[in-house]
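*Asks:* Among the features that Swiss-Prot reports, disulfide bond is placed at C127-C204. Taken from Swiss-Prot, the feature N-linked glycosylation site covers N28, N36, N42, N200, N295. Per Swiss-Prot, topological domain 'Extracellular' is recorded for 1-61, 110-128, 193-216, 291-310, and the stated evidence type is experimental evidence. Positions annotated as topological domain 'Cytoplasmic' by Swiss-Prot, on the basis of experimental evidence: 83-88, 150-171, 238-269, 332-381. Feature annotation from Swiss-Prot assigns transmembrane segment to 62-82, 89-109, 129-149, 172-192, 217-237, 270-290, 311-331.
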Amino acid sequence: MRSHTITMTTTSVSSWPYSSHRMRFITNHSDQPPQNFSATPNVTTCPMDEKLLSTVLTTSYSVIFIVGLVGNIIALYVFLGIHRKRNSIQIYLLNVAIADLLLIFCLPFRIMYHINQNKWTLGVILCKVVGTLFYMNMYISIILLGFISLDRYIKINRSIQQRKAITTKQSIYVCCIVWMLALGGFLTMIILTLKKGGHNSTMCFHYRDKHNAKGEAIFNFILVVMFWLIFLLIILSYIKIGKNLLRISKRRSKFPNSGKYATTARNSFIVLIIFTICFVPYHAFRFIYISSQLNVSSCYWKEIVHKTNEIMLVLSSFNSCLDPVMYFLMSSNIRKIMCQLLFRRFQGEPSRSESTSEFKPGYSLHDTSVAVKIQSSSKST
């Protein structure tokens, strides 16, 4: 293995040398941001070899882009093909699919950036737009998954008369509020970037110190805290859902369909496992990452933090591939709708089986009619 010497150098922005696969972390110690491309503030740079990391990121994001694009387009096609009135869960899932697609559309920019030896040539504004859109849609998906777990928990634990407490209209309002808040934050970030002006850096998706941008670091910290609150909500909701389903399964063990309750309970925990694998590593490491940005750190430590953060981010992006996989592999109704729509699309005639206009949720991963079955069986026992 080749050894690399990490050095600290002070140079002007306009004279940064770039080798084939070397990048320099940028630490701006100036109190004021550069106002134009001719500015030459003193910066401390940390060169390092990123050849292997760039290869891994390019390959990973390419796979995620292809699989995620196909899966989410099909998922969106299926959700839009449901002609009957959608329930609240379907509204949330539709918006999750849209957020996943928007995140996936950001990946080609990252792929080209790493292919181009970590050089960004499209300007600081587009860099900020792509980066902010990426994170915006990731957190929209996280928030909506939290609302899905809350929705299921409420409907399963309330009586039949109260089970419509969360209506379709209310779920639409929730999604609209989430999107408006996200877009408001997005526009704020872009406006702040425009006010700061451009800088002569060809780096985009990389580690940057926050010594003079503590407000942005605090905002990132708030997002991390929000994630852990949502994660706690999901854990409590699905544990409660799983316990209820398993209890009903034992009570109705003599009935032919008793196994469906246990299957749905297992599926609920699979959702929790996938959410944990994709998002928990990234957000657990974010505390270290943000702390490193705010404090003076060695180049060696910055290199470790940067590379670890990039790998964790790949895991988070991979969730956009797993969402449609969960829809289809773990929900017989979604698979049925997909087959019906594809059959009608390619054969030009409706399927003999149940049409999409008569779609009735059953024991799927996110469907909520199981709440009615649980409450009914509870009262009958």
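Placement of Cβ uses the backbone N, Cα and C atoms for every residue, glycine included.
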*Asks:* Between the Cα atoms of C127 (disulfide bond) and N295 (N-linked glycosylation site), find the distance and write it as a whole number of Å.
*Replies:* 25
*Asks:* Where else in the chain does the transmembrane segment (62-82) make close Cβ contacts, counting only residues six or more beyond its ends and a cut-off under 8 Å?
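*Replies:* Same-chain contacts beyond the flanks: 90, 93-94, 97-98, 100-101, 104, 107-108, 111, 314, 317-318, 320-321, 323-325, 327-328, 334, 337-338, 341, 356, 359.
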*Asks:* Answer yes if the transmembrane segment (172-192) and the transmembrane segment (311-331) have at least three CB pairs under 8 Å among residue pairs 6 or more apart in sequence, and no otherwise.
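*Replies:* Contact between the transmembrane segment (172-192) and the transmembrane segment (311-331): absent.
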*Asks:* Thinking of Cβ pairs under 8 Å, which stretch from 217-237, 270-290, 311-331 has the most of them with the transmembrane segment (89-109)?
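*Replies:* The stretch I would name here is 311-331.
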*Asks:* Work out how many Å separate C204 (disulfide bond) and N295 (N-linked glycosylation site) at their Cα atoms, rounded off.
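*Replies:* Each residue's Cα considered, C204 (disulfide bond) and N295 (N-linked glycosylation site) end up 21 Å apart.
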*Asks:* Among the recorded positions C127, C204, N295, which residue has its Cβ surrounded by the fewest other Cβ atoms within 10 Å?
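*Replies:* Per-residue Cβ counts within 10 Å for the recorded positions C127, C204, N295 bottom out at N295.
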